[in-house]
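**Student:** Quick paste from TrEMBL:
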- 36-60: transmembrane segment (TRANSMEM)
- 51-319: domain 'G-protein coupled receptors family 1 profile' (DOMAIN)
- 67-91: transmembrane segment (TRANSMEM)
- 124-143: transmembrane segment (TRANSMEM)
- 155-173: transmembrane segment (TRANSMEM)
- 209-233: transmembrane segment (TRANSMEM)
- 261-282: transmembrane segment (TRANSMEM)
- 302-323: transmembrane segment (TRANSMEM)
Amino acid sequence: MNSSTQFALEASKAVNASDNSTHTLESCGIVFPNGIIITIHFLTLFTSLIGNTLLIVAFLRMKETILLLIANMAASDLLLALVLMPELIIYELTGSFEYHVRGDVGTFLCKICPVLSDASLSVSTQSLVLIAVERLLALMAPVLYRRITDSKRRIIVICTWIVAILLHSPYFYAKRLASIHHEGTFIQVCYLDWAPIFEHRTAQLRYGIFLYITVLIVPILIISVLYAVIVFNQRNDKMVSSRGEKCAIRKKRSVKNLKRMAVATVTALFLCWTLYIIVFSFKLVSPETVPKCSKFFQAVENVSSLMASCYCAVNPSLCFIFIKCFSRQLSFLCQRKSNRQRGAKCTHANVKMGESGSVSCLTRLSLRGS
């Protein structure tokens, strides 16, 4: 449940308002300058594209299926950035919920884009949970961990996408295109409408709460508990004293690094999503009590949306910082690129030298001939 769903909720309000002929889309003034928000969205899009693409390239180079869940998370974050960030940028540039693609193609995109963006978030949180589970098994049940074969990991990855799409499949029914009256003209919007099969208000409330719990709240709690158990068990490892000094030092560094990554992962989840969950749960459960054009509430809402949308750029950054094999691959790719550039410069210089040499030879020959 992310900003695409937020757009749908706001568009639904606009459609209802238009149907009742009470008011059109409201404009309560600008809290944050659009330039700042657009810049943040562009930076998020750029960081996510580069970071997640490099993660996937590094995984393909290493060909280690043990890192498949991290690559799966990177692919989901990349898809989220590609589907959601352009929508956010267009909204900030135009200030309108207008949907510019019309006809059957517009209807298809109206339904499929929210499914893809929200399912990508679900895949990302599922992958984080599964990564934590794998680490716990490697620590506390190594025999069971060794039974996780490459084929089983691939099946698990496929299952994360199936589960995510099934969770968000109701969008195929509820998301629709409609024309509404806005500033003296009619615009097309993509909105949520659960009628006629369901009562719209009740269905939206129940489904929204269901998504918040299954996609965000439960994974955050599970990840927090699992990493707490992992760090606690590694800190209290009684076998450390029986190992050699070098092994003990390596183990201590590993525990320290794992602790840092655990804290960073959980902190990123809480920082990016807690405020968003609170704000939009409040809007979902009790929309009539939301302050009208309150500058403070708008500021909090904008900050929560920005932090949530930045999440697709956070995971690759954490992976490159805390997972050494990925950081080594990144440095190797950078060195390889710089070596190629140096090689190209040397080749170009040699060609120039060769050209000048051939010219001087021709000059000497012509002088001799004369």
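Even glycines carry a Cβ here, placed using N, Cα and C.
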**Student:** Check the transmembrane segment (209-233) against the transmembrane segment (302-323) for contact, please; criterion is three or more CB pairs under 8 Å, pairs 6 or more apart in sequence.
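**Tutor:** Per Cβ check, the transmembrane segment (209-233) does not touch the transmembrane segment (302-323).
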**Student:** So if I exclude everything within five residues of the ends of the transmembrane segment (36-60), which remaining residues of that chain have a CB under 8 angstroms from its CBs? That is, six or more out.
**Tutor:** 67-68, 70-71, 74-75, 77-78, 80-82, 85-86, 88-89, 92-93, 302, 306, 309-310, 312-313, 315-317, 319-320, 325-326, 329-330, 333
**Student:** State the residues, same chain only, that lie 6 or more residues beyond the ends of the transmembrane segment (124-143) and have a CB under 8 A from a CB inside it; answer 'none' if no residue qualifies.
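**Tutor:** Sequence-remote neighbours of the transmembrane segment (124-143) are 69-70, 72-73, 76-77, 80, 156, 160, 163-164, 215-216, 219-220, 222-223, 226-227, 229-230, 233-234, 258, 265, 269, 311-312, 315.
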**Student:** May I ask for the residues of the chain that lie six or more residues beyond the transmembrane segment (155-173) and have a Cβ under 8 Å from a Cβ within it?
**Tutor:** 68-69, 72, 111, 114-115, 118-120, 122-123, 126-127, 130, 194, 197, 207, 211, 214-215
**Student:** Take every residue in the domain 'G-protein coupled receptors family 1 profile' (51-319), average their pLDDT values, and give the whole-number result.
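**Tutor:** So the average pLDDT across the domain 'G-protein coupled receptors family 1 profile' (51-319) works out to 85.
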